[in-house]
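What Swiss-Prot annotates here:
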- S101: phosphoserine (MOD_RES)
- T103: phosphothreonine (MOD_RES)
- 121-141: transmembrane segment (TRANSMEM)
- 152-172: transmembrane segment (TRANSMEM)
- 167-175: region 'Phosphatase sequence motif I' (REGION)
- 193-213: transmembrane segment (TRANSMEM)
- H197: active site, proton donor (ACT_SITE)
- 216-236: transmembrane segment (TRANSMEM)
- 237-248: region 'Phosphatase sequence motif III' (REGION)
- H244: active site, nucleophile (ACT_SITE)
- 246-266: transmembrane segment (TRANSMEM)
- D248: site 'Stabilizes the active site histidine for nucleophilic attack' (SITE)
- 279-299: transmembrane segment (TRANSMEM)
- 311-331: transmembrane segment (TRANSMEM)
- 348-368: transmembrane segment (TRANSMEM)
- 409-429: transmembrane segment (TRANSMEM)
Amino acid sequence: MSLGQRLALLAIRLQEPQRVASFQRLCGVEVPLGSPKAGEDAETEVRGAPGDPRRRPRQSGADGSPAKPDCCGAPNGVRNGLAAEPGPTGPRRAGSLRRNSLTGEEGELAKVSNLPLYYLFCFGTELGNELFYIIFFPFWIWNLDPFVGRRLVIIWVLVMYLGQCTKDIIRWPRPASPPVIKLEIFYNSEYSMPSTHAMSGTAIPIAMILLTYGRWQYPLIYGLILIPCWSSLVCLSRIYMGMHSILDVIAGFLYTILILIIFYPLVDLIDNFNQTYKYAPLIIIGLHLILGIFSFTLDTWSTSRGDTAEILGSGAGIACGSHAAYNLGISLDPSLHTLPLAIPPLTVTLFGKAILRVVIGMLLVLFVRDIMKKVTIPLACKLFGIPCHDLRQARQHMEVELPYRYITYGTVGFSITFLIPYIFSFIGIS
């Protein structure tokens, strides 16, 4: 057997849903006794891996393309068989915290015997969700180092955009359920390969160490410990949640390393362009909008389209905000002769100002996001003649989802790097 054949066989084995289910059982996640799914696991074991002739073929649309979710939210790949609601003594619904508001799906019933692992992996998977991003990036920009924060956003946008587009090109379904238990359902209508959670969970810690080491004084060993811990936690959490095969996670990790090798040397050039070039805002807005339109043409509706527009809008808004802040002198990076920067001692004043910036800043961010959401969706529906009585259906149109996500999160990003730092400066907590 040649090396290529061995690698192909290994890839097939790593994509088998049975391996995901085995990992879940190892971590204490099982189908509860009496669940309708419990009787289906044995049948699933004989379906085989991708490429195996015994494997049940994926249902296709009328044009031969992979099946997509309908208005009720049938996801890509195999639709989950949801168990009945638990009674007072029934098992916990382990995935209900990530209910998908756009498709109405919820996590499956599962018997979780290891709660510490469950909460650990819930935390790990949140490191790749919007809640984490909307806290993490502003915290860097407001409290730690805007220089590093801006560049982290550039890398994050690049990695996530390429990952989301690659998903819609490859179009591999999520692991079949059964035998896999879907503890999280929020992203189930997206494709699987590669894992963008794994990509984000790899790119952020690596980029964070690359950007800070030598700029800040700290032992390198801290970074060498942080990178594998962060990345492995996020990657394993996606297998634990039943969202990805082992192959998806490995591919996401390796894909991220390749992207960083190619594009990391350009990050400094991109950030300097965003801040200093006279017409940078026009180019930034136009380029990100074109990339968003392109990504929307790769496939029909899924939650990944809105996520892509959200990522691009955030990146464009943060870049434009940094341009305005730089040219108005609101946010200036320390001069090179002051490097490396020493980590200041934690005082009551320093800690108090940091907390104030986080609380005031996040309240303003949430306010801006809520206002823009209420304005952009009805406005887009009115402009393009789309009924807006059912927001779920309306947001499945590109004419609504793209401007809503792009404008809303573009405004949020602009607020993070310009409007909110200006307010901090005005009230004396910058």
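Glycine is no exception: its Cβ is also placed from the backbone N, Cα and C atoms.
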Residues satisfying Cβ distance under 8 Å from H197 (active site, proton donor), sequence separation of at least 6: T125, L127, G128, V234, C235, S237, R238, M243, H244, G252
Positions on the same chain near the transmembrane segment (348-368), where near means CB under 8 A and six or more residues out: 134-135, 138-139, 142-143, 411-412, 415-416, 419-420, 423-424, 429
Chain residues in Cβ proximity to the transmembrane segment (121-141) (below 8 Å; excluding those fewer than six residues from its ends, i.e. six or more beyond): 27, 97, 148-150, 152-153, 156, 184, 186, 196-197, 200-201, 204, 230, 233-234, 236-238, 240-241, 243, 310, 314, 318, 358, 361-362, 365, 412, 416-417, 420-421
Cβ-Cβ neighbours of H244 (active site, nucleophile) (radius 10 Å): 29
Maximum Cβ pairs under 8 Å to the transmembrane segment (279-299) - stretch from the list 152-172, 216-236, 246-266, 409-429: 152-172
Cβ packing number for D248 (site 'Stabilizes the active site histidine for nucleophilic attack'), 10 Å threshold: 28
Long-range environment of the transmembrane segment (311-331) - Cβ separation under 8 angstroms, sequence gap at least 6: 133, 137, 141, 146, 150, 153-154, 156-157, 160-161, 164, 271, 274-276, 280-281, 284-285, 288-289, 291-292, 295, 405-419, 421-422, 425
DSSP-derived structure type at H244 (active site, nucleophile), helix or strand or else coil: coil
H197 (active site, proton donor) in three-state DSSP notation: helix
